[in-house]
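What TrEMBL lists as adenosylcob(III)alamin binding site is A12, D13, C14, H15, A16, S60, S61, L62, N92, L93, V94, V95, G96. Annotation source TrEMBL lists domain 'B12-binding' at 2-136.
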Amino acid sequence: MSVTIVLGVIGADCHAVGNKILEHTFTEAGFHVVNLGVLCAQEEFIHAAVETNARAILVSSLYGHGEIDCRGLKGKCVEAGLPDVLLYVGGNLVVGNHDWDEVRLKFEEMGFDRVYPPSVPLAQAVADLRSDLQRQHERRPAAVFASSVVVAAAATADTG
Ligand code: B12
């Protein structure tokens, strides 16, 4: 079964073209993409992630207000019971030209796992998501692992 991700353009931002390209790219890469489109409130991302059991939320911000629109999203994810949902953000995150490392750091401090400039090759973002999901899978608590072993053993016993 494919991994579900939630995608959308945050805040009062109506830039729609990149959003469609992201949807296409991640769908082609084998993800189940729940695309909220443009003009999305933080709560819509979180609601969709809870409803669909999504493993990652991909936020776009193109019009320069990304910092204001994204602030607090991580905390709301934690409150909603999504402490481990991966948070990615990309686009023209701030107004004007800024040192990229400063921008990246600012968004990382806000709780984002990955922060991308508009020039990022999307194949890179797909590879990052695969590797972050794999790392999470490897770090899963022993209890979860143990219960899946029990389920697997039961299934084997059933079949045979
Ligand atoms: C078309 C356009 C518009 C159209 C949008 C039409 C529509 N419905 O889509 C209109 C005319 C409505 C518009 C309005 C505005 N725009 Co405009 N717009 C553009 C323009 C020319 C192209 C955007 C685009 O479609 N690019 C093509 C797509 C494919 O690229 P993209 O959007 O960047 O997305 C890619 C990457 O960013 C990346 N990406 C994006 N998100 C994410 C997320 C993740 C997780 C990852 C991995 C990657 C990723 O992947 C995407 C696909 O390759 C850009 C300039 C430019 N050349 O980019 C300005 C631009 C984005 N707009 C800008 C501005 C300021 C505005 C307005 C505020 C102008 C105004 N004063 O009214 C308004 C905002 C309206 C609003 N509420 O959103 C600025 C933003 C400046 C900033 N951030 O510092 C830009 C950069 C122009 C500029 N140089 O000043 N705009």
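Every residue gets a Cβ built from N, Cα and C, even glycine.
Automatic, uncurated: that is what TrEMBL annotation is.
Features recorded in TrEMBL, as mapped to the structure shown.
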| residue | record | Cβ contacts under 8 Å, 6 or more apart |
| --- | --- | --- |
| A12 | adenosylcob(III)alamin binding site | L39, Y63, H65, D69 |
| C14 | adenosylcob(III)alamin binding site | V38, L39, Y63 |
| A16 | adenosylcob(III)alamin binding site | V9, G37, V38 |
| S61 | adenosylcob(III)alamin binding site | V9, I10, G11, D13, D69, C70, V89, G90, G91, N92, L93 |
| V94 | adenosylcob(III)alamin binding site | G64, G66, E67, V103 |
| G96 | adenosylcob(III)alamin binding site | G64 |
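For ligand 1, the binding-site residues lying close by, meaning a CB under 6 A from one of its atoms, are A12, C14; the full candidate list was A12, C14, S61.
Other Cβ atoms within 10 Å of the Cβ of N92 (adenosylcob(III)alamin binding site), summed over all protein chains shown, number 19. V94 (adenosylcob(III)alamin binding site) carries a strand DSSP state (E or B). In this structure, S61 (adenosylcob(III)alamin binding site) is part of a beta strand by DSSP.
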